[in-house]
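Read the structure below first, then the notes.
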Amino acid sequence: MTKVALLIGVSEYEPGLNPLPASVNDVQAIAKVLQHPEMGGFAEANIQKLENPEAQKMHEAIETLFSDRSKDDLVVLYFSGHGIKDENSKLHLATRFTRKNSQGRLIKSTAVPASFIHDIMNESRSKRQVVILDCCFSGAFPEGWSVKDDGSVNIQVEMGGEGRVVLSSSTATQYSFQQSGENLSIYTRYLIEGIETGAADQDNDGEISVDELHEYAKKKVQEASPAMRPGISAFREGFKIHLAKAPIGDPKLRYRKEVEHYASRGEIPSIGRKILDVQRDNLGLLPEEVAAIEAEVLKPYQEYKEKLQQYEQAFVDEIKREFPLSDYTRGDLERYQQMLGLNRQDVESIEATLIAEEVTPISQAPPSVQPHHLREILSGQKSSSPNQTTTPKTNISQAPPSVEPHHRLEIPFVSKSSSSNQTTTPKTHNPVLKTIGQVIAGICFSIVAFFALVAIYHLLSRGNAEVFVVMLFVSIIFIVAGIILWKMVQNS
């Protein structure tokens, strides 16, 4: 069995595609872990690295990689760069010279189509094929390029097959990018971390399968950028292709997995800290070793907090500049959210909080200084109000009037707490109307008593049930009228 790998990184591009400085760094970092004897175990001679190649060289290298292989050979194709779709929605891997024509369409000879790679892999005898695409698929529909759909990429259709597993860092509608201050793209960074530390070995069998590695990297990516959705596509045995080895019983690895468990919400709870302290002593780890492990585990959570702070500042700046926000500004903010990989619920929470803080309700806003030509008129109105405190006039030569920011929205409201403390004005009663109402109500009740006696008389003395029913019905009407009138009198 032979292990071979082709690692391609494209950082430099023609105008129209943004440069990706991390891509060539990704290639070097992946090569390092693959050829490490205690990790990937690939022979150095069996790893080919291509940096910023042109299309013809990429075609030849990919074809050579999969040619003349046996069934059990492990063949790895890694690509870090832009993914592009043509006018027929077919995926291509961009090269250094990939460009568009005057109609905004991809010049296909300058890129490597996924269909070409798919055909070459299908022709290979190897049944242990691994494809890793750390692609910036946002490049599948760059500005100014002509496309017919929304840019979604179906990796299963484009490159899937039996005995093959395809990993992708993101979908077309997401940004796969380099973290600020990092030399590697985010997905590759965690693939490497999972192999180097052994943390990707989920079942602790000493082997890291491709699906274990992907799940580890996906989890870490989403801790730092929740909106990103790394994907995996495989048939049958493809999921369990072993890519690297992991140490068994390593104290640092055991402690790391404990930290991963307790830090699942971005911080270590008090009881978790006590348990980790006991584990540290039992495993004989040094304080600096423990600190380094915890810092690495908590790093993606910290990065996400920093990104939320960046968005918070950007949102504050915009609502200070204009409020309500224009559609144009809202579109820019949404794009910024996508680039940072933020969770939509977190964004909505931030925006609601900031609007409540920055856009002050009128009852809480400090009194504004009125323009000079309105002061005399308004001062007379204010002095007539017994419940308001008169504000001394300001000499305009000493203090020029301030101007309220145009973005501030004043929303009048009355809170429950404030309304409960207000003085209630007592109701004014009319004694004449009240007396008249009481008299009429008394008459109604007297009529009821009369009709009731008449009804009983007709029923008992003459046996006239019909008269009894009529009288009883009339009595009920007067009872209801009397009650209603009495209530009205009491409330008047």
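For all residues, glycine too, the Cβ spot is worked out from N, Cα and C.
Annotation comment: TrEMBL describes 380-400 as compositional bias 'Polar residues'. Sequence annotations record features per position, and here TrEMBL assigns domain 'EF-hand' to 201-223. Residues or ranges marked as region 'Disordered' in TrEMBL: 380-404. Annotation source TrEMBL lists transmembrane segment at 439-460, 467-486.
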Quiz prompt | For the domain 'EF-hand' (201-223), distant same-chain residues with Cβ under 8 A (at least six beyond the ends) | solution = 130, 165, 167, 169, 186-187, 190-191, 193-195, 229-230, 232, 234, 238-248, 266, 300-301, 304
Exercise. Residue list, the transmembrane segment (467-486) vs rest of chain: Cβ under 8 Å, 6 or more residues beyond ends.
Key: 437-438, 440-441, 444-445, 447-448, 451-452, 454-456, 458-459
Quiz item: So what's the average pLDDT for the domain 'EF-hand' (201-223)?
Solution: 93
Quiz prompt | For the domain 'EF-hand' (201-223), residues assigned helix / strand / coil by DSSP | solution = 14 helix, 3 strand, 6 coil
